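Read through the structure below, which is laid out as structure tokens, and then see the notes.
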Amino acid sequence: MKPGTPAPPPPTGAREPAAPAPDRGGRRGTRAGAVLAPAMFTVLWSSAFVAGVPGVGAAPPLLLMFARFAVAGALLAAYALLAGARWPRGRALAHVAVTGLLVQAVQFGCFYTALALHYPAAVISLVQGLNPVVIALAARLLGETVTRRQALGFALGAAGVVLAVADRVSLSAWGIPLCLAGLGGLSLGTLYQKRFVPVMDVRTGTATQVLVGAAAVGPLSLVLETPRVSDWTAFGGSVAWMVLVNSIAAFLLLNWMLSRSSATRVSTVFFLTPSVTAVLAWLVTGQALHPLVIGGLALGGAGVLLAAGRPAEPRAAVPLSRAGSGR
């Protein structure tokens, strides 16, 4: 064929090359993750107070939290190093450290101190379950909007939280302030992370947060408590569960969800924690399951469905060292 001569037309009946099929499997996987991750997180997170009761009976609460954070941080750090994950640096490291101080040290230090003072776990989970309301009220700080449907969902969810523990609410001179401080740590930490650390490597980010928590509560335990373990079996079992299930699995899921959706939407799962905590206590310890818990679970579930709405399209994750410039 001479140069410049046009190519002959394709034979009659020849088929055009097929266009590449859309990646529907990836979308299905994303949607499945958007449903399964919150459900798994709710169950894992709610088990913390059930596992914590024997722990605070065997050792002071801050010592228990130090053991939890130190072991979890060491395991997460080892995994991140073996995987070659990039660690936060510069400003990114400072931002992650602040979230660790708030979400780990302040939240759990206060909640488990209240638990050690025999404040009911149901009431602690009630206060923790109000986290979505605080997040929604502060949504403008993140540039997020709350629709009428979401507002209705928050109202139903809050009603479900209160209903689930209505028969066990009690007041205490130290219990309420500690619980409110714990709620403040959770809510402020979530808002801070979403604003200043919107994307991160969940392996190194979670490891950093947990290690910061250990560094904060360890000295406080030495100053404020008598660091003594009275029952090593109960202490070891409680720490093992909280390390593997609550500090590692649950927080990897939480950080994964925060990297892919708004803080308002992610926080709605906390509406279910009081009811799920009561159900787990019934299954594990045989504690009576009050009918109000079932009603609270139904209201909380309806609130989550309304407030969460359609999951947002996920963003591509980038290494944490690049988030917030970190230089």
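Cβ atoms here come from the backbone N, Cα and C positions, even for glycine.
Note: TrEMBL annotation is automatic and uncurated.
According to TrEMBL:
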type: COMPBIAS; residues: 1-12; note: compositional bias 'Pro residues'
type: REGION; residues: 1-28; note: region 'Disordered'
type: COMPBIAS; residues: 13-23; note: compositional bias 'Low complexity'
type: TRANSMEM; residues: 34-56; note: transmembrane segment
type: DOMAIN; residues: 40-165; note: domain 'EamA'
type: TRANSMEM; residues: 62-82; note: transmembrane segment
type: TRANSMEM; residues: 94-115; note: transmembrane segment
type: TRANSMEM; residues: 121-139; note: transmembrane segment
type: TRANSMEM; residues: 151-166; note: transmembrane segment
type: TRANSMEM; residues: 172-192; note: transmembrane segment
type: DOMAIN; residues: 174-307; note: domain 'EamA'
type: TRANSMEM; residues: 204-222; note: transmembrane segment
type: TRANSMEM; residues: 234-254; note: transmembrane segment
type: TRANSMEM; residues: 266-283; note: transmembrane segment
type: TRANSMEM; residues: 289-308; note: transmembrane segment
* Asked: Would the transmembrane segment (94-115) count as touching the transmembrane segment (204-222), if touching means at least three Cβ pairs under 8 Å and pairs must be 6 or more apart in sequence?
  -> yes
* Local confidence of the domain 'EamA' (174-307) - pLDDT mean -> 86
* Determine how many residues of the domain 'EamA' (174-307) DSSP places in helix, in strand and in coil. => 112 helix, 0 strand, 22 coil
